[in-house]
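Undergrad: In case it's useful when we look at the structure, here is the feature table from TrEMBL:
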type	residues	note
SIGNAL	1-15	signal peptide
DOMAIN	13-133	domain 'CUB'
DISULFID	Cys68-Cys86	disulfide bond
BINDING	Asp134, Val135, Glu137, Asn150, Tyr151, Gly154	Ca(2+) 2 binding site
DISULFID	Cys138-Cys148	disulfide bond
DISULFID	Cys144-Cys157	disulfide bond
MOD_RES	Asn150	(3R)-3-hydroxyasparagine
DISULFID	Cys159-Cys172	disulfide bond
DISULFID	Cys176-Cys203	disulfide bond
DOMAIN	176-288	domain 'CUB'
DISULFID	Cys233-Cys251	disulfide bond
DISULFID	Cys292-Cys341	disulfide bond
DOMAIN	357-421	domain 'Sushi'
DISULFID	Cys359-Cys400	disulfide bond
DISULFID	Cys385-Cys419	disulfide bond
DOMAIN	435-671	domain 'Peptidase S1'
DISULFID	Cys593-Cys611	disulfide bond
DISULFID	Cys620-Cys650	disulfide bond
REGION	671-693	region 'Disordered'
COMPBIAS	679-693	compositional bias 'Acidic residues'
Amino acid sequence: MWLILYLILGVPVSATISLRGLHGFIRSPGFPQGYSNDLSLSWEISVPPGYGINLRLTEVDLESSAQCAYDYIEILTDEEHSPPICGDSKQGPQRFPFPLEFRTSGNWMQLNFKTDFSNDLRHTGFTGYYTAIDVNECEDRSVCSHFCNNYIGGFNCGCRPSYHLNPDGTRCGVNCSGQIFTSFKGQFTSPNYPLPYAENSQCHYRIQIEQGFQIILEFDEDFHVEGDQASQCVTDILMITSGGREYGPFCGERAPRIHEQLDNTVDVTFSTDGRGERRGWRIKYRSTAKQCPPDFILHGVISHREEEYFYRDTVAVRRIKGYELYDKIQKMHHPSMKFKCQIDGTWNVSSIECVPVDCGTPQSLRNGRTNYTSTIFRARNTYTCAAPHYTLEASAEFECSADGEWVDIVTGSVTLPKCKPVCGKCDVFSGTGRIIGGHKAGPDEFPWQVWIISGSERGGGALVGDGWVLTAAHILQTGSLPIVRGGMTDPSENNQEGQVYLKVRKVFSHPGFRHLKGRIVNFDNDIALLQLDKRPRFRKGLSPLCMPRAGEDGREPDIGKVGLVAGWGSTGQGRVVSELLYVNVPVLDMTRCRGASYGNWRPMFTENMLCAGEAGRDSCQGDSGGPLVFQGKGGECVARGVVSFGPPNCGSQGVYTRVGRYTDWAASVMEEGDRGLEEEGEEEGEEEWEEWS
């Protein structure tokens, strides 16, 4: 066929012929008539695995050349590559013994045939045949690790008793995988321990116990595994795996030490090479419940504390002073809680934290301010009052207590201090003048002075305490609530700067006041208190007058002592002024007032009254209810009298209610009234400052 192809095309021929049988012939194209030029042919011989190949060339006639450079054949196997063959097997200098035989233990062989472009003489080519031959694999002792059995076309391996053949079919090992230990303690060994362990083995052991428990491994001191620990155990290898961590490799003659407690699942793998000459190892194991840390919640105290806590242990935790247990999910605070050591060695506290007690925003003071930077345990808050018109009546320093309340750092009380009005601020005792044709008061000289309208009556009064007005009872006879204006000197100007309308809540006339009509008029106990609906915000131009101290016998002031009286009443010529006037008046003996002319009516005189005034210095109609003021020992202005009555012709002397005789009554009324106002929830706080400014 090749010759035909060559003759037709006239081109070189290159081809590969595959031979697959157990035997067969092989010959050059055109044998024995001769072969063509420019051939490059290959025969690939393949036989089944387990067989070798024997090729016998019975005749060779190729063009002879030095080193077979022109025409030649060559044989290739897995083991060798034969030198080129050429010439005539029957004659010539390249004659060699025949038949030529080539053998390989492999199942593959290739014969290559190449010719050049010309031949001067005709050469017949070559012929031969091949056969598949049996190979004795057992001659190689490394083929099987124990026993080798040869048969035509192959071999098989066998193992000694207690061994089994590995999947590769050549290596023998022992059955040392798939063992699972589930008890809480036990032991296991390398194969055949303490005899030498099996070679070519891949052993896998697993310890698997209940979750929440941990495994402790201990190696016997009798530990012999082939290899060098310093060289990373490249022959036989023992490995431990647990909880995602690896321990090892281990080998040599020193027993390993694993000091930590392992997870509830431990895998032990043992790999050996082809030699089994060492005794191996034994591992003992025991278990313990997974341990939880003893200190797991900051600022919490564990009841019945133990040195160690394990899975399923339960403890009660209470807060330490100043802290509380807070559940972030339920958003609840607890004084104590129970916690359980969980399966993973942690406490079930992920949503719980021990936080400082929070006392919240300190309660504000009326006419005062809070000063704090934090509201948690041991934080401090300092109260201050609106000076100079208010002063703190108790301790100003409060602390956030462990109970979650702001307490006085001195007394431990939760009662808040109060900003008490500073009373009697005045500088008018250096002046002179009189109401009748008297001296005009400055805008801030009588900050307590108020104007009262009760029906057809006009009079005066004085701010006292915190939200009260002191006045005369006789001007409050209409039964309706009076109108009170303060913070001004000219009542005719409704929009005067600083002026305030003070709404009256309730009128308290002294229960002993009995005002008789006719010729005899009784002004005994002519004193009253007006409770304002809201406590005013005191400031410059609006502040209270001091009352005499509770418990005084009312004998003050002494005769001859000079006080001040101010008002918007008549000046003596029947003219009512629109500006606040004041005058200095001395205290007189009561006989001076008794002997005065009162026209057609006869007033009564009692020890509850005092007489004051002199020619040209007196109060008059329209001044009733205004205070008679004296300077106290500390320079403060004190209400010692209330304008009550006097002769029809003003300008000599007048009669005043002696305030010092009513201090207990006034204190009782104001205390009860203040309590009622607070119980009804009068708004307090810093925002009220603006309302009364």
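Placed from the backbone N, Cα and C atoms, the Cβ positions cover glycine too.
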Undergrad: Roughly how many Å lie between the Cα atoms of Val135 (Ca(2+) 2 binding site) and Cys148 (disulfide bond), rounded to a whole value?
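TA: Cα-Cα distance, Val135 (Ca(2+) 2 binding site) to Cys148 (disulfide bond): 13 Å.
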Undergrad: Taking the centroid of the Cβ atoms of Asp134, Val135, Glu137, Asn150, Tyr151, Gly154 (Ca(2+) 2 site), which other same-chain residues have Cβ within 8 Å of it?
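TA: So the extra residues in range turn out to be Gly50, Asn136, Cys138, Ile152, Gly153, Phe155.
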Undergrad: Any idea what the Cα distance is from Cys359 (disulfide bond) over to Cys611 (disulfide bond), rounded to a whole Å?
TA: 57
Undergrad: Please list residues from the chain of Cys292 (disulfide bond) whose Cβ is under 8 angstroms from its Cβ, counting only those at least six apart in sequence.
TA: Tyr309, Phe310, Tyr311, Asp313, Cys341, Gln342, Gly345, Thr346, Trp347
Undergrad: I'd like to know which of these recorded positions, Cys68, Val135, is least surrounded, judged by other CB atoms within 10 A.
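TA: Across Cys68, Val135, these recorded positions, the one with fewest Cβ atoms within 10 Å is Cys68.
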Undergrad: Within the domain 'CUB' (13-133), how many residues are helix, strand or coil going by DSSP?
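TA: Helix/strand/coil tally for the domain 'CUB' (13-133): 3 helix, 61 strand, 57 coil.
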Undergrad: Please report the Cα separation of Cys144 (disulfide bond) and Cys138 (disulfide bond) in Å, rounded to an integer.
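TA: Per the Cα atoms, Cys144 (disulfide bond) and Cys138 (disulfide bond) stand 8 Å apart.
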Undergrad: Show which residues of the chain containing Cys251 (disulfide bond), separated from it by at least 6 in sequence, have their CB under 8 Å from its CB.
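TA: In sequence order, the residues whose Cβ lies under 8 Å from that of Cys251 (disulfide bond) (at least 6 apart) are Val225, Glu226, Gly227, Asp228, Gln229, Cys233, Thr235, Asp236, Ile237, Leu238.
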Undergrad: With DSSP as the yardstick, break the domain 'CUB' (176-288) down into helix, strand and coil residue counts.
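TA: Counts, helix then strand then coil: 3 helix, 55 strand, 55 coil.
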Undergrad: Measuring Cα to Cα, how many angstrom lie between Cys157 (disulfide bond) and Tyr151 (Ca(2+) 2 binding site)?
TA: 11
Undergrad: Test of understanding: give the count of other CB atoms lying within 10 angstroms of the CB of Cys86 (disulfide bond).
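TA: For Cys86 (disulfide bond), the 10 Å Cβ neighbour count is 23.
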Undergrad: Taking DSSP three-state, what's Val135 (Ca(2+) 2 binding site) in: helix, strand or coil?
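TA: Its secondary structure by DSSP: coil.
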Undergrad: Restricting to the disulfide-bonded residues Cys68, Cys172, Cys176, Cys400, Cys611, which ones have a CA within 10 Å of the CA of Glu137 (Ca(2+) 2 binding site)?
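TA: Cα filter at 10 Å returns nothing.
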Undergrad: Sequence gap of 6 or more, C-beta under 8 Å: which same-chain residues meet both conditions with respect to Cys385 (disulfide bond)?
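TA: The answer is Leu365, Asn367, Gly368, Arg369, Thr391, Leu392, Cys419, Lys420.
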Undergrad: When the Cα-Cα distance from Cys611 (disulfide bond) is computed for each of the recorded positions Cys86, Cys148, Asn150, which gives the smallest value?
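TA: Considering only the listed recorded positions, the nearest one is Cys148.
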Undergrad: Could you tell me the C-alpha distance between Gly154 (Ca(2+) 2 binding site) and Cys203 (disulfide bond) in angstrom, no decimals?
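TA: It is 30 Å, counting Cα to Cα.
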